[in-house]
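These notes concern the structure reproduced below.
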Number of protein chains: 2
Amino acid sequence: MIRVLLIHDTMLIRSALAALLGGEQDLDVLATAWPHSRGPAADWQAQVCVVDGDGEWSGLPGTAAERMVILTEAGRPGLLRRASQADVRGFVSKDSAPERMIAAIRRVATGERYIDEALAWDFLRAADMPLTSRELAVLAAAAEGAPVAEIAADLHLAGGTVRNYLAAVIRKTGARNRVDAIRIADSAGWL
Amino acid sequence: MIRVLLIHDTMLIRSALAALLGGEQDLDVLATAWPHSRGPAADWQAQVCVVDGDGEWSGLPGTAAERMVILTEAGRPGLLRRASQADVRGFVSKDSAPERMIAAIRRVATGERYIDEALAWDFLRAADMPLTSRELAVLAAAAEGAPVAEIAADLHLAGGTVRNYLAAVIRKTGARNRVDAIRIADSAGWL
């Protein structure tokens, strides 16, 4: 039996995914929202942890990245890059058949990697993500609605430097303006 | 038996929800992505149609709004308002237990309404949505990254009028600037 911890913030989706995995004889599933460092999920000693890529999957208490299977939509190369760098081993598209999620769980349980072929193109794009981490930090602050002066104060930068970073982001993303750059970066999963 | 058409763009979630509904003896479920006007979904003659509120639920071929159950996250009063005005009868929070989705299906099948109590607060807020349809149209165009001149041309307005609408939106939403107003309106489900 493979002990699987399924983490999804949304109860209905979590219950539905658990119903789907519950049909497999070799999987023993505990489903939960974000787990606490004490409680049933922490005591579960999961061999594989299936997490929603849209949620807070990094820094899960008691769950090593190399035992994670991340569920994600296509078109999120920034997410794939962050997760790969954290040594996440399993990646499944939310638009794939359930068999792939189940295959990924069995593979990651043996310590191997599983990358859904539906995400191959995004992995290629992830290697080419054009923004620096500082540019991303400035853009993320702008996306929260912070004005330039506040971004500058928060990141210990001059206002002109923040404007330069934003101009670079707009140029690199091919955006028409700041709002467009935020939209592009967000939909690519970089923010 | 209640014939249920389940529409969700994401295959994994769709399969999981279908697995969950499949456990009910009185439900006969066909799951599909966006249905075409011809094909199995159109021929299904569903009594109830369960749709993802994040997808394109309006204008489904062959599916009347009054037979729909919409699944939505909390905090989307604009979506609830649009759907209610279209005469959608069933509303279930994605963060509720599966029993509520099943109860909503059975209720809507009899022609009655079902509103998940978890969405009651959003329904109250929906009645108070502060933006006019013109302000929303301008804001939605800005959220796509269009500059003021382009928004003005598209909506047959003067540039100064577009700026006035955007200023009104920023004031009404309590936003700090245009980007902040877009973020607030988007997260409230108004866009």
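Quick reminder: no glycine exception, Cβ is built from N, Cα and C everywhere.
Under the heading domain 'HTH luxR-type', TrEMBL lists A:124-189.
The DSSP breakdown of the domain 'HTH luxR-type' (A:124-189), given as helix, strand and coil counts, is 47 helix, 0 strand, 19 coil. Summarised as a single figure, the pLDDT of the domain 'HTH luxR-type' (A:124-189) averages 90.
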